[in-house]
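Taking it in order: structure first as structure tokens, then the write-up.
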Amino acid sequence: MALPSPPSAASAPASAGERWPPLESSPEVFNQFMWSLGVPEDEAEFHDVYGLDADALDMVPQPVLAVILCFPDPPQDESYTSDLRLSYGEKETRDRVYFIKQIESLGNACGTIALIHAVGNSSSEINLVENSCLDLFFKSTASMDPSERALFLEKDDAMARAHSLAARSGVTELCDVVEEHYICFVAVNGTLTELDGMKDGPIKHGSSSSKSLLQDVVPVIKGIMHTIPDSINFNLMVLSRKQNCAGTTS
């Protein structure tokens with residue numbers, strides 16, 4: 001069966017790094033990017049998490065729909081890959097989890113992939129603008145496998161343009177050497193799930209819920225930080241439902 005056709009390709013080819021430059025890990029960049037793709041501004045937004053202690057977590061707006069971690073690219077030696085990278089939890093692919101691979105031709109698209117994972121697994125909580133970039137993307141890729149979704153994203157000019165604009169909106173100067181990587185955590189079907197496009201599939205980390213997601217992910221993040229002890233380049237953000245849409249009052 002023929003796959004749905006993504007938006008037409010641009011006439012001038014670009015390298016993967018030029019087409020998909022790195023995104024700055026900041027709520028300002030991710031919010032403008034997400035809203036431009038079709039998430040209504042009054043429904044959800046990203047926020048910084050300033051620490052992993054209870055007081056810092058209590059400051060985070062609820063409910064939390066997803067958690068995005070930006071952290072130093074782990075070393076790619078054989079021992080790390082076999083002993084640590086796949087040991088954070090039990091790998092498991094579920095039909096209920098929206099997952100997309102990060103292939104080489106997607107360059108530094110891990111930030112966009114983390115955003116797609118965050119929004120794609122919050123579909124019951126977010127009403128996308130009809131016929132927006134994300135709305136069309138999810139509808140077109142719903143029946144695809146993770147690798148097919150990656151190929152579709154790689155050819156999606158509208159998403160690539162939005163990504164490039166977001167990359168250039170940050171205050172950090174773009175550079176050719178990228179040493180950080182984005183992953184996403186969501187609670188799907190009562191399970192804390194890690195979504196990393198560089199891995200073979202979703203990774204299960206035990207039970208969780210929308211109410212406890214942020215607290216549940218803390219031990220996993222501490223475990224990741226423990227494996228990269230010589231760096232302080234960690235940044236944590238959450239995607240939270242706006243309070244007026246969550247039915248809460250001030």
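Including glycine, each Cβ sits where the backbone N, Cα and C put it.
What TrEMBL annotates here:
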type: REGION; residues: 1-22; note: region 'Disordered'
type: DOMAIN; residues: 19-241; note: domain 'UCH catalytic'
type: SITE; residues: Gln102; note: site 'Transition state stabilizer'
type: ACT_SITE; residues: Cys110; note: active site, nucleophile
type: ACT_SITE; residues: His181; note: active site, proton donor
type: SITE; residues: Asp196; note: site 'Important for enzyme activity'
Could you give the mean pLDDT over the domain 'UCH catalytic' (19-241), rounded to a whole number?
87
In this structure, which of the active-site residues Cys110, His181 has the fewest other Cβ atoms within 10 Å of its Cβ?
His181
